[in-house]
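These come from TrEMBL:
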{"type": "DOMAIN", "residues": "A:4-77", "note": "domain 'Thioredoxin-like fold'"}
{"type": "ACT_SITE", "residues": "A:CYS11", "note": "active site, nucleophile"}
{"type": "DISULFID", "residues": "A:CYS11-A:CYS14", "note": "disulfide bond"}
{"type": "ACT_SITE", "residues": "A:CYS14", "note": "active site, nucleophile"}
Amino acid sequence: MKLVEVLGTGCAKCVKTAESIERVASELGVDVKVVKETDPARIMEYQVMSTPGVAVDGKVVHSGSIPHREQIVSWLQG
Amino acid sequence: MLEIFTLLANWLSYDVIGLSPDTRLGASVHFFIEDTTKILFLLVAMIYVIALIRASLNLERVRAYIQRRNRFAGYLFGSGFGAITPFCSCSSIPLFLGFTSAGIPLGITMAFLFTSPIINEVAVIMLWGLLGWKFTLAYVVVGMAVGMIGGLLLDTLRGERWLKDFAAKAYQKAAAEVEAGTGTIEVPDAPRLTFSERHQFAKQELAEIVGRIWKWVLIGVGLGAALHGFVPDNWFAANLGSGQWWNVPAAVVAGLPLYSNATGVIPVMESLIMKGLPVGTTLAFCMSTVAASFPEFVMLKQVMTFRLLLLIFVILLANFMVVGWVINLVGPWLMVGH
């Protein structure tokens, strides 16, 4: 199972990001756990400066915007 | 070229709606139509062009640039990049920590965060269109000065002592590494973008920014229009005295509980100035409304102790007052040629 963390201090875009990842995952039938990480100290450890950021299994794959559908598909299937 | 919007407003308010320019309502409606059409036109055109140019500017590169400067150039760069770098206010905290954990001094990071809400392309475009280039220039200089002086004071008072623990530790570790010459961040290469990628970015920026601010433009211009039509000329001079010293602190205090972004407050500034409120007093009011906002302070509470927040608050207020007094002294020059 993949662990997807959405990094952000609670902005509207972070919520949308988490929702769209969950939606794409259920469409593809991929088993994921999506967590919203709002702790500033954790976000700092990931060195993400523009939110929302996305980390898959502990590795940052994206930051600064709501990801496109194709990007999400590639993380989930990669 | 911008006269076309005056003509459009003349035609719509006097000929189509049939109002008289001598009535209060007529003056208000004319102001509203002229300013909303002009501002929205300028915004759409300019945001797109500016976004094309800055598509390859990202926070990681900005951070690396700032980290390489010595302290004093650092305040200038911090404040300057704060003005031109696009970022959402909900990213303040990750940005703050990203800078801090790269060993960038607190004052330089705060110079970035102080200046950022005051100066942005939307504010500059609106000021230019409404109040002329001299005023725009003064606004930019003042906004950067507030950031740089605020940052310098914070570092002089060693504000980093009052960061929350985890942030203070990350800063000390990185600052020691930078000092030893091992922790410098390489400037990442500018992403090479094709024109169509830039166009794509600019289109998204345009939709995002206009979607976010159009209602502020309407509210701001609406308030400005109401002031314009219904407050008699020179009302401020008659009731507040023109430019007595206590006007400036009064304006700063009045601006505090109000929270607006620059977009909403600039049309109001235009009206206030036209009604005879001194320029420095108006600017002090505007800065206080835009730059000292409670939502921002609540966010910063996650990484700062109460003491540091209080210090920042006091520094900001003092800065706004100094700005008001200084600009009131040079104010008459600013409005020449408007």
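Backbone N, Cα and C atoms are what each Cβ position is placed from, and that goes for glycine too.
Annotations in TrEMBL come from automatic prediction, not curation.
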DSSP three-state assignment (helix, strand or coil) for A:CYS11 (active site, nucleophile): coil
DSSP residue counts for the domain 'Thioredoxin-like fold' (A:4-77), split into helix, strand and coil: 32 helix, 19 strand, 23 coil
Neighbour-count leader, CB within 10 A, recorded positions: A:CYS11, A:CYS14: A:CYS14
Confidence summary for the domain 'Thioredoxin-like fold' (A:4-77), mean pLDDT rounded: 88
